[in-house]
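Encoded as structure tokens, the structure appears first; notes follow it.
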Amino acid sequence: MSMALIELSGIERVFRLGDSEVHALRHLDVCIAAGEYVAVMGPSGSGKSTLLNLIGLLDRPNAGTYRLEGCDVTTLSAEEQAHLRSERIGFVFQSFHLVPRLTAAENIALPMTLAGVAPLRRAERVARALRDYGLEQRANHRPDQLSGGQRQRVAIARATIMQPALILADEPTGNLDRSTGEEVMRLLEGLNDQGVTLIVVTHDGSLGARARRQLLMADGALEHDRWRSPQGLTDVCVLPT
Amino acid sequence: MRTPDLIRFARDAATGNPLRTFFLVLAMAIGVAAVVLLTALGDGARRYVLNQFSSIGSNLVIVLPGRSQTGGFNPGNAITSTPRDLTIDDAQALQRASAVHRVAPLAVGTSEISVGGKLREVMLAGTTAEFIEVRRLALAQGRFLPQGDWRRGASEAVIGAKIRDEMFARDEALGQLVRIGDRRFRIVGVLASTGQGLGMNTDELVIVPVSLAQAMFNSNTLFRILVEASSRDSIDLAKAQLSEIIRLRHEGEQDVTIITQDAVLATFDRLLGTMTIAVAGIAAISLAVAGILVMNVMLVSVTQRTAEIGLLKALGATGATIRNAFLTEAAMLSVAGALLGFVFGQAGAAIIRQMYPEFPAFPPDWAVLAGLGTALGTGILFGVLPARRAARLDPVQSLSKR
Ligand SMILES: Nc1ncnc2c1ncn2[C@@H]1O[C@H](COP(=O)(O)OP(=O)(O)O)[C@@H](O)[C@H]1O
Ligand SMILES: [Mg+2]
């Protein structure tokens, strides 16, 4: 039985804009087990990205606790959170976010470069990633020489290069046409098949339906937590009553 | 992040925006080049002056009328005492001093020289045979004034190279009779050209026996007395002896100033050394300006690369890594600028030396080191603020920037 990878309880996230307050997340309790495939869905502005940023340790909640792999990460220093991001979390963004002056290979290697992985080990892993994602011919191309699908493949290769436990994708197909989007989703799902926990934000119902579990957000709150085919995953989490 | 990776990353970031990098490096280079070149000029001037002074004559001690403090020029002292004049007798008395090798009296005034219908105003120096030795002058033609009684001189003159060219052109000057003032002289020698130097320009000088010069000036005073000490070590002794002899002759009054070449040299050395430092300081201001430019450009760069910084944070970069990346970039730009400026400055100094071979325009080591150091220092110092700003950016907001 897999343990709970992510435990969010009582999470609040409030943005202050001048005098007004925006409750991007209200009293959120979510529990996600290792190896799950979760789609976060909901209308625009419902707090999906905010939730993903919190889970990815890019943002901190105003209230509540977040336990990642069993330990409370809300109290960690920025430095410690950076290390967790480096080793446990991979991000895939809607707009790819590749560094334009670096080649595909260098972009893929970037997390390892930042983490100080030895060059030899880096080259080895990048070569394998290029092969796995069919980018061998594109290794020395810069992002502006790549198609959208190729760019997102580079981004996915980069997100997985540190072999994280968790991949967070915020509308990864938002800038792609349907068939390329399909291809990218299959890549991500393939990672999930290998045991990586996958959380995908999308507002495309058909894409969301592919996930075994869907979190439906509305106005910062969790409206629905739905399993496509309940497989007894709930028992690892202590759901609030 | 490993150091080689950090450097490569900073280099790629710098070359990713070549125009920005070019102007930054150029600004830094101009600053360093200015320091190198200006101090080369300043120090070159100092060395040039020192060289000129040494060529005036070695072991030279100069006695001039009027009291003054050693080494300094104090107008107050010059006015208060009415100094006794120096005379030929004084000069002759100085020959008795044991530490003195040679003595040459010098009377100076202006006069006119005319020959064959040509007329020219000249500087007239009345002196003795010793003058050529004391001043280390060389003759191009003929001989110098003969040895003999200082009070009786033959009507013979030695002229400077330029006077010879102007008055005689291609004709032979030696043996010619010329009119100087209201007297007639025979040219017996022509001085070798020395070019433009400090002090008296001997190329435009006419030298006659001191007794005749005094008669023409209708005065029995001397402009100064040049003394050559018997050795470098005996300069101080000579100075004391000269001072004592004059004091005895002038009824116990110390009413002359005795300057040594060393003292004059030291004064000029100090003066021009200070000037070089001042010039270096002024040039360093351009480095500070370059430093501020580095800061501005790096701040703009942080703004332009906000999304990238957000991404790096999402990929696990710590604030320290991002700060180091930006600091490394600022340092690299400064180093490149400093080295380029060093090359520019040295090349400029070399060109000046090529154009004016007698002018030793070498930048002093301290100035080169200070220039390079200041460039690096300001570059890194002014890189800190942008680097810290980059490190503190909020990742979520940064990522949403385009
Ligand atoms: N940095 C911010 N400052 C102010 N309001 C924000 C900020 N980020 C998000 N919000 C607000 O929080 C709400 C949720 O935003 P978001 O999580 O981006 O929604 P979604 O991704 O579901 O479209 C929105 O109302 C949005 O305007
Ligand atoms: Mg969103």
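The backbone N, Cα and C atoms fix where each Cβ goes, glycine too.
Nobody curates TrEMBL annotations by hand; they come from automatic prediction.
Pulled from TrEMBL:
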TRANSMEM  B:21-42  transmembrane segment
DOMAIN    B:21-244  domain 'MacB-like periplasmic core'
TRANSMEM  B:271-295  transmembrane segment
DOMAIN    B:282-395  domain 'ABC3 transporter permease C-terminal'
TRANSMEM  B:330-354  transmembrane segment
TRANSMEM  B:366-385  transmembrane segment
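Break the domain 'ABC3 transporter permease C-terminal' (B:282-395) down by DSSP state and the numbers are 98 helix, 0 strand, 16 coil. Same-chain residues lying 6+ beyond the ends of the transmembrane segment (B:21-42) with a Cβ under 8 Å from its Cβ atoms: 14-15, 272, 275-276, 279-280, 282-284, 286-287, 289-290, 293-294, 297, 333-334, 336-338, 340-342, 344-346, 348-349, 352, 361-364, 367-368, 370-372, 374-375, 379.
Same-chain neighbours of the transmembrane segment (B:366-385): 28, 31-32, 35-36, 39-40, 43, 276, 280, 283-284, 287-288, 290-292, 294-295, 298-299, 326-327, 329-331, 333-335, 337-338, 341-342, 345, counting only residues six or more beyond its ends whose CB sits under 8 Å from a CB of the stretch.
Per-residue pLDDT, averaged over the domain 'MacB-like periplasmic core' (B:21-244), rounds to 86.
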